[in-house]
């Protein structure tokens, strides 16, 4: 079987190229690094009189340092064909990778100092595929520099031939005249955004800290001694607080809220100060920051999806926020680029218009809801918790807490089901979810990379399925998709989504 | 779009007795993979369970000497492992199928957790044909399709014959054209 395959491979690829033989030496840096450990170990061994083992350790380290590049040299070959490059690698696990030139976004040529001495270069073909987990797209490590340049020119020529009339891409920054900003936030708006960023997490953490350590450090807003010792004893407020424990509790709550507000406002002001979003030739340019100024260019071609997010308070006062999911990751911990931290819906409409995206449809029709079976499944999954709580109740009152928590979670499951919606709006799909923090994703169908239809065995009892969409960019663990559709609907939806994609 | 991508027909009644254990159970129009892949799966199950079984034996013979539950670990691991080796591979195999449409690749897999993936060819970034030691032993190969997505960016179709995998790679590759999204 395998012989036949090899034969076919041979036929297809008349003369695969190998890496440059000196590649085996480019690993020298790594070898030296690994040797330090071995030298230390063998010095210790020599000191304790184990000469043979010391020599063996050094020998083994040297050998393994050379063997790895040798094996790589022996097992790696690549072949440049008319419109693709084929790479064969691996010893036990043979891997044949073909990278079409049409998919190569960028060719990186890297040279570390040792490679420069030998005139070698490491070629990295970036395809935009996020192989993730440290696995790289297409790396040829290493070939002669001349060959690397040749390869890069070859790929560039191919791309130039395929794209006759692409305007020069270097215009990202300039040509931004005195056009008005698409969206900007003044100090008042930033302050307001900070209020909405009231951090429950900080409050929770502080409360927890006070309960555990507060009494020792005398930093507990809820204890009378804190108020007694921190302020003048004849302060009327303090006297009032001391008068009854209830007031101490209230004062504690007020202080916690103030701390939460302050952290929210300070954090937001540092980040969003002088927020300004401009439209440039190729996309958006975002400037913000108080101490650390950031200036981000966001080419529209890289935008994959737009995401509206609003919590209950923001929503109540008629505010919302808008993020763009892009191929590049935003700085900081959020993967998506925030283009409007706090905006009126009309302002976000303008941002969408600046991207040549249609506004959200006004009519409430045509939104589809998931099957009630999704809610049933959620409730069913909480059943063990209820049973556990009831059983626990026979032994201890804390069973009530478990039952209470299960009840809250059940209500959450129902509300979650209640607020899920999706709608195919011509060339894009809109997905709503969340009942506390509501989320609306606008995903152009052309940005869908792949579509999974998933059913586990419980889903199959209920006859439902979920559609998971592969979209580029964004945080690693927040896939877009629609859950809990009746199986036939899920198949239909997927077909509809992919029709737009092809 | 091919008609193959429509919803699968309702599950027809299968002959319960005397059926081929490797009789594919797939939506209409989907192709099963090489039969020898069931053995790849079986060997993989063995590679998981046999060391566990040996570990349990060692534990029972050395660590649990004289304990009342001595022998339990070996029995449990042995029975579960044997069941997994005997029953699981063909169930996974039966459910694994693919369809190379005109514009997209569809892969159906999973025994307890069904996953039905479609990758449009225009979205493919690059393609791997991979063969591990077990694959070489049993003459199979995996086709691995990479898309630009952050989620499900790597779609794997195992259990193809190496020739078929190469063919499919060439078919998909031929459709890849420049489109700058």
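Cβ atoms are placed via backbone N, Cα and C, with glycine included.
Any TrEMBL annotation is an automated prediction that lacks curation.
Across the domain 'YdbS-like PH' (A:73-155), DSSP helix (H, G, I), strand (E, B) and coil residues number 23 helix, 36 strand, 24 coil. Residues or ranges marked as domain 'YdbS-like PH' in TrEMBL: A:73-155 (among others).
For A:417-496 (among others), the entry in TrEMBL reads domain 'YdbS-like PH'.
Under the heading transmembrane segment, TrEMBL lists A:21-47 (among others).
As annotated by TrEMBL, transmembrane segment applies to A:53-71 (among others).
Residues annotated as transmembrane segment in TrEMBL: A:190-210 (among others).
What TrEMBL records for A:237-270 (among others) is transmembrane segment.
What TrEMBL records for A:374-395 (among others) is transmembrane segment.
If you look up TrEMBL, you'll see A:401-419 (among others) marked as transmembrane segment. A Cβ distance under 8 Å defines the sequence-distant neighbours of the transmembrane segment (A:401-419), meaning residues of its chain 6+ beyond its ends; these are 370, 372, 374-375, 378-379, 381-382, 385-386, 388-390, 392-393, 432-436, 438, 484.
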Under DSSP, the domain 'YdbS-like PH' (A:417-496) has how many residues in helix, strand and coil?
22 helix, 41 strand, 17 coil
